[in-house]
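Enquirer: Below is the structure I would like to discuss, written out as structure tokens.
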């Protein structure tokens, strides 16, 4: 072996010069190009589309690699001292960096779905990078194995011309394999993992074929070593396969009836997912806000206008969302095993109001968010009396009321540890005008609030930041936390006119609000991310977000487990 | 002594017989090539296996399967023609005999012509295969509709087109990697063009595969696909590529010019004609058939049930009847609604972009009222799989159990999105009647329940593919599933006996479980 190594190094240069590089280079360039075109055109591709294109790119690469073993001087090489296997390995080693580079580029283009957040566009589901790499490696190995087989069969050195069409034919056959033995499945398929066990076997078989057909000598040592390595590799692949997804409990729609209603007076419903009876999330969804005839009008289609959702048909359904927080099979989801009560808002009052407001002779809006929320709260308390852990999560406008609901949960379930995580309303101002006009008059929230929440405060003093400090005073055991993007353009756009500054400096308002809450004696854990983004729970960014080396999901896990994490704040908040 | 070698000059036109002889030899090699053999076998196997693996193939809609077959042929046989045609042209280079061929009787361009002609037998095989598939389906299965011959011919035409591309690539570059890569680029376009162009539009017709399929099969008269112009377009393109290949190989002269001009005219004429959107009368017919199906259907009475099907779909009525009869049979005689109508419907949003889905439901209700069949049960244009059977069975069961028509009890906008929720004993009965109808409906029940699992649980049944009409919540479904696993006669007897109680609106799921003698589920129902 030592001699082989000694001969290999000087051979590298001449081999590099002897290889016909063009086919490999073209294949390696074409693969990423196939992914680049739809990405550049901003096409909304499903995960299946992206997976298929990635597979086509892998085939391009494999076809290019099929020509790496082409050797026009093949007729003269049987007499050279270096074995064919060594020469093939050398050529493969030289080609591998190009293949790796091309594949990395392909994958990065394929998974670049999340970059621009187009309005209303769902981000592409996470690409199964590992599994697709296994497929690409198998295709590459098949191409090389077929090329070595061609070397054995003909002496003119044209290996690729046989191997490339053969690889393509095999790939076509693999595509058409029926279900029990299928290889090319869509990422969501229940047999995805099993199909990749089959891919691992294909890879192993192709590598063995590559070594066997390149081998001319009599000693079996190398082949034995190779087979041992391959078996180990296959075993490793099987071991590192992700565990089969656990069946996710379903969402149930609950129609509470009674006084509950949406803004237009129609039925209100909320959603429940039953899982762990001891751990529950109360999810207060956004859904927009309104406080005048223009904003509150029952216009637009599907029960929502540009400002808010005004009936039960509008708004997100938890079962429609499969990414971010709602991907309850994601291994990194801190709330994967939790039962969830999902409360959508269809009243334009951030779950706070209890009044019928007549904005115009033809427009009476039922701001009954507090009533609807109370029904969901009742359901939670009666269904999960033994809960030890309740996390109240508020999304955008839903986070305004999150601390108050945290206090209400603590009243109903005194034995549970209650954590409040309010996201994206940190910039809502404490402005006497807003407090009186909107919270007090338009929504009737001041009158509807529990006594402890308004204790000692007049309607003009009762602003959103007070919700936090009043909750801390009433229920000191509740852990309070908030999240904001520093310059979120959408989170507080409706209330801009009550903010100081024109345009207001959102981050300094967030900071001032937090300071006010903490001056009033509350501990408010905070996580402030840089930039002008908006979405969080509905995106896989939920798992990727990391500020100052602290991942949001880790921070949240520590928070709900009762380990008080220190505040996280961006250093350069205007850069993403 | 000197021998004078006179090489025939290219203008003299090589002997036609020599070209034909070479073409014959090349075509034999092309047909025998392992890639061609493998591709043909794969195509045949995929067609045959679809009969066993895709349930809807047993009830084929021929105006859909024609395009489907042509696509399969384009990818497999067309791909084979591209690769093998290219390899054949490159053979002299590969064998190092390029120089030798210079002294042969046939000049390069004539050899290229022979390579192009050699594609014709493969094209003919493609035509035979695709015609055979259609004939077999029409003979062996209760097929609906009729295939479009132009759509079918697009398959062999694509073989010719891709083969010509292979020959041209062989003339342009000596690398054998070009043709397989070109095929992969075409495949990528096949995958990505539709989403890139945002669902297609007419521009998609410029791609070899042609325009996108509709969401669901529709009667043949509404298809209005420009398959004829598209075929001309494909043949024109093939002619252009072939002309380019012989030009590249050195052919000149009037005949090449004429051929090229003809091909160009054909491609341009076909290409432009296929881009024009269907005429106003077709658009009107589409909207009318979608909104007022009763005016375009032929009805047939079987027993107490009237079945109305679009033109060409009448062959499915016995299959529908099997499912409906199996549901009705379990209902005590007095409770059987006097008349039941099953009406076929299509819901293709593109046919009437002006109105929202809710309006379509209203239009259907008005149409039923006008036709004197209020509350007709809807059935789509897919049949053969479990889901379709379960959807039909569940809607019939809902009618019989509640006496309501779908959508009666809830305002239309809500039914749009989630369907009518059937609670308590009624819900259990609907799910049980559905599952016991036929083995296929039982599979469909499980399939639909699986679909709903990640969403709100329970099971939703659909009218066409757009509208969930009936939803049975999870606890009710659990009881029905239990009942379905018990002896059929026992449960059927209990259902007959307790029918009035079971169908009463206030009978709860737990009471139903008791009446049917199955354990009650732990969770109580979401019904208020």
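Just so you know, glycine gets a Cβ as well, placed from its N, Cα and C.
Curation plays no part in TrEMBL annotations; they are all automatic predictions.
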Enquirer: According to TrEMBL, transmembrane segment applies to one of these ranges: A:159-177, A:178-196. Which one is it?
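Expert: In TrEMBL, the transmembrane segment feature sits at A:159-177.
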Enquirer: Name the residue range among A:222-238, A:239-255 that TrEMBL annotates as transmembrane segment.
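Expert: Transmembrane segment, as annotated by TrEMBL, spans A:222-238.
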Enquirer: Quick one: which of A:89-112, A:257-280 does TrEMBL have down as transmembrane segment?
Expert: A:89-112
Enquirer: Tell me, please, if the transmembrane segment (A:21-41) and the transmembrane segment (A:89-112) are in contact, taking contact as 3+ Cβ pairs under 8 Å between residues separated by 6 or more positions?
Expert: yes
Enquirer: For the transmembrane segment (A:47-69), which stretch among A:89-112, A:124-147, A:159-177, A:197-215 has the most Cβ pairs under 8 A?
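Expert: Answer is A:124-147, with the largest number of Cβ pairs below 8 Å.
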Enquirer: If I count Cβ-Cβ pairs under 8 A between the transmembrane segment (A:124-147) and each of A:89-112, A:159-177, A:197-215, which range comes out on top?
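Expert: Checked against A:89-112, A:159-177, A:197-215; highest Cβ contact count belongs to A:197-215.
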